[in-house]
Amino acid sequence: MGFFTDAYDLFCISLVSKLLGRIYYTEPNSPNPGSLPPNVSAAVNGVALCGTLAGQLFFGWLGDKLGRKSVYGFTLILMVLCSVASGLSFGHTPKGVIATLCFFRFWLGFGIGGDYPLSATIMSEYANKKTRGAFIAAVFTMQGFGILFGAIVALVVSAGFRNSFPAPAYEVDAAASLVPEADYVWRIILMFGTIPAALTYYWRMKMPETARYTALIARNAKQAAADMSKVLNAEIVEDAAAAADRDAGGGSNEWGLFSSQFVRRHGLHLVATTTTWFLLDIAFYSQNLFQKDIFSKVGWIPAAKTMNAVEEVFRIARAQALIALCGTIPGYWFTVALIDVVGRFAIQLVGFFMMTVFMLGLAVPYHHWTTAGHHTGFVVMYGFTFFFANFGPNSTTFIVPAEIFPARLRSTCHGISAAAGKAGAIVGAFGFLYAAQDQEKPEPGYKPGIGIRNALFVLAGTNFLGMVMTLLVPESKGMSLEEISKEAVDDEAAAAA
């Protein structure tokens, strides 16, 4: 449920950013409704990602220092408070409202950032080696449901307001097309994500610390045995001899993140997990956050001036719900079903390859897709790129870092990998906004860019690079966490010494 809320909070902003433009930036007597200026649009869409990057690094490190459970509850409280606060953004001027919104969205992102390394690490440390991939993938699958739930909430809220407060299209009557009550629409949508998060707080606090953390890092084997007895409903007794061996050899494998030992054993692994996640998120987030712009360009969503403000939210939400249902969610579940059969490496390699193919399939005949009568084909192809992102690197880049690093650095290394991904997301969110502008007729306030067609070629290139970097990713299917990270070897060497 934490991941469900993360996705809801991160992606719901794309549903309401057009509405924010209408409410706060409409010029009187303008032929078209207002839109967020370039710098404001970049800030509103990207500020939560900046917070997430910082949160992944900070809470990833803290999770290895203080324990998974204690930090896990704090991230949830931060998400709930900042989600409510962002919906209550206030100010006398448009700049004041947007500045307040960006402030709370940054700290919301900071809390979300903590959920990434902690959710993955907790799940990997609880799961058994046969089904571990499926369990971690199932946590990540909730991202798809969060995106879908965001679209459904936006559909329900906008449909309710549309029926209760009917308004003409902007081109018919500009002033009347924006009813005062529309200001409630975006606030309700942003705040609704707190409900599922708040409901899970009790269960997070009841969950014991993972036995691997307690035994391997806190070095309390007795407590670890007691915790696992609770979880498995079976009597588990600590092996006194093994515990004594581990305590005696405690100093032998205490090398840290910046040691030559780590670089020799896991340096390439960290390079592989950070670069693949970075390259994937450039494509994934630019696609996700700017779906509405692409749909408008190919004519799947009508021109803004032909609708009133609330109708536009409804149309954008409907389009995003269809993409989530047909492309995003099925991809996640294919991963859950096949990851422990096919393996992480094959799914990631094929996923990157197919994303490259479909991006080129969109970019090469782009002019064909944008002519009337071919829009459905474009949306189908676009949906397939989402399918292979999720039945591919979007899932595996989350799973692999939670498995291949040693327990005392697992949360930190997952946080570093995820932060590299968010750096890619920031490049995608800010870069795509400017790069995709038309070379001849950019939107008001923007400089000419390379156009959507060339931007799709660039994204195809990043996906191809991701495929190349995947060759460095180790396979972890069917192995215990101690075998993969070679901690078992450390313990044997310490015992022998």
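Using the three backbone atoms N, Cα and C, a Cβ is placed for every residue, glycine included.
Going by TrEMBL, these are the annotated features:
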- 1-478: domain 'Major facilitator superfamily (MFS) profile' (DOMAIN)
- 40-59: transmembrane segment (TRANSMEM)
- 71-90: transmembrane segment (TRANSMEM)
- 96-113: transmembrane segment (TRANSMEM)
- 134-161: transmembrane segment (TRANSMEM)
- 184-203: transmembrane segment (TRANSMEM)
- 321-339: transmembrane segment (TRANSMEM)
- 345-366: transmembrane segment (TRANSMEM)
- 378-402: transmembrane segment (TRANSMEM)
- 414-435: transmembrane segment (TRANSMEM)
- 455-473: transmembrane segment (TRANSMEM)
The transmembrane segment (134-161) and the transmembrane segment (96-113) contact flag, 3+ Cβ pairs under 8 angstroms: no
In contact by Cβ distance (the transmembrane segment (40-59), the transmembrane segment (414-435); 3 or more pairs under 8 Å): yes
Proximity of the transmembrane segment (96-113) to the transmembrane segment (71-90), 3+ C-beta pairs under 8 angstroms: yes
